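Student: Handing you a structure now.
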Amino acid sequence: AQALSLLLTTSVCLLCLGFSRLRLTGGDTACSGHLKVQQEETWATVCFSHIDFKTASVICNELECGQPVDILRGTHFGDRHELIWQEEFHCVGNETRLAQCPRMLHHNKTCSYDATVVCSGYGGYRLANGSTRCSGRVELLHGGTWGTLCDYLWDLPAADTLCQQLDCGIALMIPDGQSFGKGNGSVWNGTFSCKKNGSRLRDCLVSVLGHDECPAGKDARVVCSGCPGVRLVNGTTCSGRVEVRHGDTWGRLCRSRWNLQAASVLCHQLNCGYAKSIQTGDHFVDGDGPVWRDAFHCEGTESCLWDCAQVTLGNPACSAREAATVICSGKYRMLPRVDSRVGLSLYAVLASQEFCSRQIRLVNGTNRCAGRVELYHDGIWGTVCDDNWDLSDANVVCKQLGCGHAIKEFVSAHYGEGSGHIWLDDVNCTGAESDLWACPSRAWGQHNCQHKEDAGVLCSEFLSLRLVNGNGCAGRLEVFYNGTWGSICSNRMSQLTAITVCKHLNCGGDGEIAGDFKYGRGSGPMWLDHIECTKQHSSLWQCQSDPWNPQSCDNRAEETHISCTATFAEFLCFADREKLRVIGGEDGCSGRVEIWHQGSWGTVCDDSWDVADANVVCRQLGCGSAVSALSEAAFGEGTGPIWLEKVHCKGTELSLWDCPAKPLFGKNCDHKEDAAVNCSAGQQVTCLTLLAWAQQEATEEQPFGSPGSLHVASSFPFRSSPPPCHREYENFNACHLLHYPGGPSLPGPCHSCQTDPKCQGTTER
């Protein structure tokens with residue numbers, strides 16, 4: 001028979017052996033009271049002398065009651081008759097359950113008082129009923145029950161602390177009214193200001209209120225930026241050394257890869273305006289810690305720094321004192337509480353007006369470091385004329401974009417003709433200028449050119465990836481860098497890196513390093529070695545490696561050969577169905593047809609290209625039907641690969657991927673045969689136009705910006721149809737009016753409403 005070690009004293013029973021549950025009883029809340037443990041159907045009281053603070057920490061954690069606040073000497077046993085747990089607990093503090101803690105039996109130790117444990121009650125936070133996980137009504141888990149947080153002292157600093165605690169960036173605002181509903185559960189009363197030392201709510205006691213006892217406007221609400229993992233240190237709120245977080249580790253960035261556009265995106269996401277300077281000398285760089293080699297390449301309109309293209313591969317290391325820094329223009333004055341329907345949009349407009357007065361970009365290339373040169377000036381994008389355009393001018397462009405140096409300058413609209421303004425002509429750089437607009441030229445807008453003279457560049461850090469001498473998804477691995485294809489060495493390369501290559505090339509989710517070298521030897525540079533990818537990397541460009549070096553391998557036997565699970569014929573199964581675009585037109589619905597494959601944009605050969613093929617492209621892009629199917633590079637010649645030829649659509653297919661086609665391996669086509677389309681419907685409309693329309697059409701029953709008032713569907717919840725931009729409106733509505741922080745930037749003068757792949761496919765948020 002099972003022995004229950006009941007050591008009977010005059011009126012007290014002492015209990016040992018295992019137990020199944022614990023509880024706190026007789027306290028003011030569910031997270032405080034006398035400690036009792038259960039074995040089978042019997043509850044026993046634990047002695048005050050048998051637990052310590054580490055044990056209390058385990059108890060509070062197991063009960064989802066936050067942190068231990070105190071251990072009190074409870075009631076004297078006296079003549080009470082009850083079971084007493086005889087063993088002492090010796091917890092380390094990292095156990096998840098009290099039953100996992102070591103215990104020690106003391107036969108001769110008397111027990112005069114029971115143990116009373118007081119926990120903070122905090123079990124966690126969440127934001128409820130918002131349009132994203134980073135906005136909503138603040139709810140607190142207390143004693144295992146979620147309830148609305150009622151906080152009389154809730155303010156923007158407290159909200160900012162919570163946003164950071166939830167990995168949601170910074171607090172943008174505290175909306176007024178019933179933006180996120182009232183909640184149907186418990187109401188917990190607490191405050192971030194419970195201690196003067198700035199402690200968080202996890203360290204504060206909370207109390208239970210009746211469902212309607214929280215006064216109007218005192219329930220905590222917040223809209224966070226949704227941009228985690230970036231901070232400024234060693235300075236002020238809006239200036240300092242730039243640090244980013246990888247996993248749980250913070251580290252600084254290298255100054256050599258930091259530029260003003262990325263800095264402006266960072267300032268914008270921190271509610272600090274725009275970047276005034278990144279040249280701060282030795283200010284802010286004191287201290288030690290990891291140094292990350294990430295480079296962020298931003299267009300300037302991104303909401304978060306992590307939305308920018310990130311390249312780490314081949315970047316050189318730097319010392320701790322060569323860290324990236326920034327001085328932002330300063331925080332915008334924001335009222336502690338603003339109307340959620342307009343506050344965020346007004347903030348975005350004010351911020352964007354300041355940091356995007358002038359920008360530069362490359363358009364129509366297959367990568368951010370090649371394309372037609374375009375400048376943003378006076379709120380409008382325009383091109384640069386090729387009169388006197390040379391390598392010195394191109395060098396300034398590449399340097400300004402963080403794309404290394406110029407490999408080649410292009411004239412005669414090599415990357416297709418632009419539209420609208422031609423901003424600069426007769427540019428005459430020395431090559432030492434930091435910005436293209438600092439070079440001598442004619443005055444802005446003064447020229448004697450046409451768009452057939454638009455200038456372009458190819459920079460050294462234009463990157464592309466391929467597998468050669470195989471079937472497209474198996475072969476010798478090569479990377480295009482500094483204007484030349486070269487090999488990648490296999491030293492220390494893991495299967496995880498091979499899998500990352502396969503995913504990067506849309507060749508499936510598995511792959512291995514081939515050891516038979518059947519794909520031949522390379523003849524060009526051997527660019528990289530010691531590439532190390534992690535599960536978090538979606539692209540080879542994000543992986544760590546040695547710096548670029550044309551002699552990275554000791555010999556050709558170290559070149560990397562990879563075999564992916566998919567063949568080229570299967571790539572359509574893995575291709576993202578949104579990776580189709582038309583380039584060179586004015587409205588996103590006419591231009592050269594390009595598809596994304598193997599990490600690069602490429603064109604379609606015009607062999608057999610007809611209106612049936614064009615109809616499928618137009619319909620897939622949400623651009624109506626085809627007006628014409630164009631050939632012979634009607635919108636300019638593309639660059640990079642030509643992925644398909646002899647496309648044979650019936651015209652009824654839902655996407656181009658459903659049409660029979662031949663992958664192009666040979667040299668049957670060149671870019672003078674690039675296929676193009678002209679569709680019946682224009683696609684783009686400015687975000688501000690949509691904003692004005694949505695505000696005009698809102699009703700009292702469905703106010704503008706209220707959760708659930710807008711949804712992505714084939715019909716609209718308003719009284720009239722939106723401007724002619726159905727597909728773009730859907731994304732605007734989900735991303736902007738419902739404050740989706742991962743979507744494209746909020747309405748502002750910097751850009752038109754652009755489709756964002758993060759904001760597609762669902763109906764309601």
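Here the Cβ of each residue, glycine as well, is placed from N, Cα and C on the backbone.
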Student: Need the cross-check against TrEMBL: the disulphide partner of Cys101, picked from Cys91, Cys111.
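Tutor: TrEMBL says the disulfide from Cys101 goes to Cys91.
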Student: Disulfide-wise, see what TrEMBL says Cys47 is paired with, picking from Cys13, Cys111, Cys119, Cys134.
Tutor: Cys111
Student: Per TrEMBL, which of Cys439, Cys449 is disulfide-bonded to Cys429?
Tutor: Cys439
Student: Cys254, Cys369, Cys385: which one closes the disulfide with Cys318 in TrEMBL?
Tutor: Cys254
Student: Take every residue in the domain 'SRCR' (465-565), average their pLDDT values, and give the whole-number result.
Tutor: 90
Student: Report the DSSP secondary-structure composition of the domain 'SRCR' (22-120) as helix, strand and coil residue counts.
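Tutor: DSSP classes over the domain 'SRCR' (22-120) add up to 16 helix, 44 strand, 39 coil.
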Student: Counting Cβ pairs under 8 Å to the domain 'SRCR' (580-680), which of 22-120, 230-329, 465-565 comes out on top?
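Tutor: Looking at each of 22-120, 230-329, 465-565 in turn, the most contacts to the domain 'SRCR' (580-680) are made by 465-565.
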Student: Just to confirm: which same-chain residues, 6+ apart in sequence, have a Cβ under 8 Å from the Cβ of Cys489 (disulfide bond)?
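Tutor: The list for Cys489 (disulfide bond) reads Met526, Leu528, Asp529, His530, Ser552, Cys553, Glu558, Glu559, Thr560, given in order along the sequence.
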Student: Work out how many Å separate Cys298 (disulfide bond) and Cys267 (disulfide bond) at their Cα atoms, rounded off.
Tutor: 13
Student: Give me the count of other Cβ atoms within 10 A of the Cβ belonging to Cys679 (disulfide bond).
Tutor: 26
Student: When the Cα-Cα distance from Cys163 (disulfide bond) is computed for each of the disulfide-bonded residues Cys91, Cys328, Cys679, which gives the smallest value?
Tutor: Cys328
